Amino acid sequence: MTKYVLALDQGTTSSRAILFSREGDIIQISQKEFTQIYPQPGWVEHNANEIFDTESWGMRDCLKQAGIDGSQVVAAGITNQRETTVVWDKASGAPVYNAIVWQDRRTAGFCDELKARGLADTFRQKTGLVLDAYFSGTKVRWILENVPGARAKAEKGELLFGTIDTWLIWNLTKGKVHATDESNASRTLLFNINTGQWDDELLGILGVPRSMLPTVTRSSEVVGEIHPEFLGKAIPIAGNAGDQQAATYGNACLKPGMAKNTYGTGCFMLMNTGKEVHASKNNLLTTMAWATPSGRYFALEGSVFIAGAVVQWLRDGLGIIKDAPEVEQLALSVPDNGGVYLVPAFAGLGAPHWDQYARGTMVGITRGSTKAHIARAALESIALQTLDIMDCMQKDAGIKLAALRADGGATRNNLLMQFQADVLGVPVERPKVTETTALGAAYLAGLAVGFWKSEEEIEAMWQLDRRFEPNMSAETREKLVYDWQRAVERAKAWAQE
């Protein structure tokens with residue numbers, strides 16, 4: 001009987017379940033979108049129950065479509081949108097408020113207060129993160145301060161907190177296991193990456209009771225079992241990593257100095273820095289990559305908030321394309337951007353600027369500008385934001401990148417991949433399996449149960465689909481980068497009164 005590993009890939013806009021073979025091939029994908037909730041400008045929420053319902057539907061549908069039963073699944077791995085925060089009642093399992101999504105900016109003012117109190121360095125040294133509304137800690141505090149009765153219940157030990165992985169594990173195990181892994185814990189502003197523990201000083205500053213926190217486990221170990229009622233058999237939950245760390249693992253960036261960029265809703269570049277903590281001097285994040293039996297691994301990370309989401313905006317906001325793949329043909333209908341630059345700072349700017357008051361800006365528009373120029377500028381903005389991060393990463397790590405491995409939905413766009421190689425000046429490698437986030441979760445789970453024997457075996461399975469070589473003149477590149485930087489300066493601090 002053929003055996004498989006199941007990956008549960010819980011993303012920002014959809015929940016997916018993907019079944020992988022021993023060769024690392026995709027056997028089946030099931031996917032369901034869920035509701036995006038925007039209560040007011042800058043606020044983004046999800047219904048936590050809907051997240052679990054779509055994910056549990058996905059895993060059942062995945063096995064059904066593949067024509068296999070639970071007895072053929074040796075392990076499940078979880079990967080998730082990071083930082084998104086759920087607080088729920090320990091007794092009933094009911095969320096006390098909607099999940100507050102990583103994109104949500106409601107705690108920006110509180111982050112400013114913490115900076116004004118001189119606490120930025122404390123958080124940076126302990127967590128590797130910057131004080132920004134992006135991370136979970138200030139979101140937990142907001143729920144405790146603003147949901148009636150939540151603070152009192154939390155102080156009595158009646159509420160639990162978790163990122164999405166923790167929420168899924170809690171529900172899949174029917175409330176038996178309250179756990180997260182080091183990669184997810186390292187995104188909360190509550191976890192000390194140097195000690196590998198929750199940090200009492202940080203918990204005190206943010207007013208989060210320790211009793212709310214999940215147990216922190218390795219990214220590759222059996223933490224519990226999916227209850228038999230879901231798939232007809234108890235299946236070990238053996239892998240867990242935040243989406244970007246999982247993608248780094250799935251792209252086999254297992255040696256220090258290797259880097260990948262994931263092109264999804266946002267854009268996320270991670271460089272494996274091995275077992276050393278590299279503090280960034282260029283406004284990148286230092287984060288946990290993963291913790292496996294071979295040790296604790298760290299990464300430098302640059303986060304772009306809006307990448308693929310800018311294409312959704314062209315479709316839903318401006319109506320200039322009917323579906324996302326159309327953007328490539330539209331952008332190819334003009335030879336260049338016609339001097340138009342789009343800075344998609346719809347939710348502020350992430351690394352390396354960390355400007356929560358920046359807003360979306362389009363510059364260089366003339367009477368001759370068309371929707372094709374705007375489409376091209378939108379695609380180019382994804383690659384140019386990535387360039388800003390790579391420059392900082394190379395300075396921090398003291399390593400010149402040899403190539404960038406790319407994954408995520410937007411890597412199917414050949415124009416974007418070629419432009420990315422051109423502006424970076426290094427080759428961009430697209431793997432055969434671009435579902436590397438789910439693959440990473442599957443690898444971590446499979447390793448824990450012996451389905452795969454070693455990381456060397458995983459490295460050998462990585463296969464190249466296409467390598468994009470840079471072929472832009474230095475003069476053209478310099479002009480593009482110079483104008484892009486001017487456009488970014490105009491977007492900064494726009495919403496600051």
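Using the three backbone atoms N, Cα and C, a Cβ is placed for every residue, glycine included.
Under the three-state DSSP scheme, Arg82 (sn-glycerol 3-phosphate binding site) falls in the coil class. The Cβ of Arg82 (sn-glycerol 3-phosphate binding site) lies under 8 Å from the Cβ of Trp102, Thr163, Ile164, Ser183, Asn184, Arg187, Gly242, Asp243, Gln244, each on the same chain and at least six residues away in sequence. Sequence annotations record features per position, and here Swiss-Prot assigns sn-glycerol 3-phosphate binding site to Thr12, Arg82, Glu83, Tyr134, Asp243 based on sequence analysis.
Positions annotated as ADP binding site by Swiss-Prot, on the basis of sequence analysis: Thr12, Arg16, Thr265, Gly308, Gly409, Asn413. For the recorded site, Gly308 (ADP binding site), the DSSP three-state label reads helix.
The feature ATP binding site is assigned by Swiss-Prot to Thr12, Thr13, Ser14, Thr265, Gly308, Gln312, Gly409. Contacts of Thr265 (ADP binding site) defined by a Cβ separation under 8 A and a same-chain sequence distance of 6+ are given as Gly11, Thr12, Thr13, Ile306, Ala307, Gly308, Ala309, in order along the sequence.
Residues within less than 8 Å, Cβ to Cβ, of Tyr134 (sn-glycerol 3-phosphate binding site) and separated from it by at least 6 positions along the same chain comprise Glu83, Trp102, Gln103, Ser303, Phe305, Gly350. Positions annotated as glycerol binding site by Swiss-Prot: Arg82, Glu83, Tyr134, Asp243, Gln244.
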For Arg16 (ADP binding site), nearby residues of its own chain (Cβ under 8 Å, 6 or more apart in sequence): Leu8, Asp9, Gln10, Ile29, Ser30, Gln31, Lys32, Gly58, Ala438
Sequence-distant neighbours of Gln312 (ATP binding site) in its chain (C-beta under 8 A, six or more apart): Ala324
Residues satisfying Cβ distance under 8 Å from Ser14 (ATP binding site), sequence separation of at least 6: Gln31, Lys32, Glu33, Phe34, Thr54
Number of Cβ atoms other than its own within 10 Å, given for Gly308 (ADP binding site): 22
Glycerol site, defined by Arg82, Glu83, Tyr134, Asp243, Gln244: further same-chain residues with Cβ within 8 Å of the Cβ centre: Gln81, Thr84, Trp102, Arg187, Gly242, Phe268, Ser303
Most crowded position, judged by CB atoms within 10 A, among Thr12, Thr13, Gln244, Asn413 as binding-site residues: Gln244
Three-state secondary structure, which DSSP defines for Gly409 (ADP binding site): helix
